[in-house]
Amino acid sequence: MRCVCPSRALRRQTACMLSEQFLKLLKSMTSCSVVPKPPVRRVAIFGGTHGNELSGIFLVKHWQENGAEIQRAGMEVKPFLTNPRAVKKCTRYIDCDLNRVFDPDNLGQTVVEDIPYEVRRAQEINHIFGPKGSDDAYDLIFDLHNTTANMGGTLILENSRDDFTIQMCHYIKNALAPERVPVLLIEHPNLKYATTRSVAKHPVGVEVGPQPQGVVRADILDKMRKIVKHGLDFVHLFNEGKEFPPCTIEVYKIMEKVDYPRNKNDEVIAIIHPKLQDQDWQPLNNGDPLFLTLDGEVIAYKGDCTVYPTFINEAAYYEKKQAFVKTIKMELTAEHIRSSVVDQNTS
């Protein structure tokens, strides 16, 4: 029988004790690194912010009649038609763009007889789902849009520091893989959008295309439907206490809006070059063709760095003097999160 000297046995026992203590410490450190976030109980799904973008309109109307598909335990999900007059006329807006008037000036404007319809409607929406920036505002709003540009199923974020929405995008992207789900970050010091969804604590835009205005395509509607489904699944899992470890996602951060070339009468004199058309999210380098004049002249991109254009040749943006937007690639990281309800239940 082999004898083990006391010193060796003691060393082995000490090592085991230290290992156990290390594991406990590691578990404690991991637990402390989790950031508790308030549960997301009130969710709205907006359709018809623009009355000729039909995928969201069709889905919201369907869910208003039969909402079983979007309901999840422990949360209220409200489908809502944001611009009914524009929807009825199948036009983008009546007086002005509803998706640009959720700023303090318009939301606080005195209601008079000749106030633009969309400004009055914005105040009504803010009253129902806000007030914007308050604790009483809805937790999350999905705002459903279509684009004529070849953007696929895009998620739009407004805040690079919102761990919850970053985690949601990460979940949706993984759920839909290998299908691509680009994420557009519209946070910019000089470009202020004042979107309809900005009423919520967590605003998320869903932009799906290409689809012509006033038309609904089954494949585009299905893509939008799946994005909403997985987004709601994420919220449900989060509310139930599932932890989401730190994650990193690739996003396209908006840098600049680019107009069409114009003459002295402010008329467009060149169109999107065929090599740029439908190339949303693809790299654009110095010397690559941008525009083509009717005389056949190619106008090339001049820039020091690679950019990634999107909203290329969007029909609704001709009036906004926007041929496309330039973006750059960057990464956003979200912390390890879980619902604070878990902590309340275990305290």
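Using N, Cα and C of the backbone, Cβ positions are placed for all residues, glycine too.
Annotation comment: TrEMBL describes 40-234 as domain 'Succinylglutamate desuccinylase/Aspartoacylase catalytic'. The feature Zn(2+) binding site is assigned by TrEMBL to H50, E53, H145. The N-acetyl-L-aspartate binding site feature in TrEMBL is assigned to R92, E207, Y317. The feature substrate binding site is assigned by TrEMBL to N99, R100, Y193, A194, T195, T196, R197. Sequence annotations record features per position, and here TrEMBL assigns active site, proton donor/acceptor to E207. Residues or ranges marked as domain 'AstE/AspA barrel-sandwich hybrid' in TrEMBL: 248-327.
Positions of the features from TrEMBL, shown on the structure.
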{"residue": "H50", "record": "Zn(2+) binding site", "Cβ within 10 Å": "27"}
{"residue": "R92", "record": "N-acetyl-L-aspartate binding site", "Cβ within 10 Å": "21"}
{"residue": "N99", "record": "substrate binding site", "Cβ within 10 Å": "25"}
{"residue": "R100", "record": "substrate binding site", "Cβ within 10 Å": "17"}
{"residue": "Y193", "record": "substrate binding site", "Cβ within 10 Å": "20"}
{"residue": "A194", "record": "substrate binding site", "Cβ within 10 Å": "17"}
{"residue": "T196", "record": "substrate binding site", "Cβ within 10 Å": "31"}
{"residue": "R197", "record": "substrate binding site", "Cβ within 10 Å": "28"}
{"residue": "E207", "record": "N-acetyl-L-aspartate binding site", "Cβ within 10 Å": "24"}
{"residue": "Y317", "record": "N-acetyl-L-aspartate binding site", "Cβ within 10 Å": "20"}
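On its own chain, H145 (Zn(2+) binding site) has T49, H50, E53, G56, G205, V206, E207, V208 as residues at least 6 apart in sequence with a Cβ closer than 8 Å to its own Cβ. Within 8 Å of the centroid of the Cβ atoms of R92, E207, Y317, where the record puts N-acetyl-L-aspartate, the same chain has further Cβ atoms from H50, E53, H145, N146, T147, T148, F311, E314, A315, A316. Per-class residue totals from DSSP over the domain 'AstE/AspA barrel-sandwich hybrid' (248-327), listed helix then strand then coil: 3 helix, 31 strand, 46 coil. Each of the binding-site residues E53, T195 was scored by the other Cβ atoms within 10 Å of its Cβ; the lowest score goes to T195. Cα spacing between T196 (substrate binding site) and Y317 (N-acetyl-L-aspartate binding site): 18 Å, rounded to the nearest whole number. A Cβ within 8 Å of the Cβ centre of N99, R100, Y193, A194, T195, T196, R197, the residues given for substrate, is found for these other residues of the same chain: T49, L98, V101, F102, D143, S198. Per-residue pLDDT, averaged over the domain 'Succinylglutamate desuccinylase/Aspartoacylase catalytic' (40-234), rounds to 96. Close to the recorded Zn(2+) site, the chain also has G48, T49, N52, G56, R92, N99, L144, N146, T147, A316: residues not among H50, E53, H145 whose Cβ is within 8 Å of the site's Cβ mean position. Between the alpha carbons (Cα) of R197 (substrate binding site) and R92 (N-acetyl-L-aspartate binding site) lies a span of roughly 17 Å. The CA atom of R100 (substrate binding site) is located 13 Å away from the CA atom of Y317 (N-acetyl-L-aspartate binding site).
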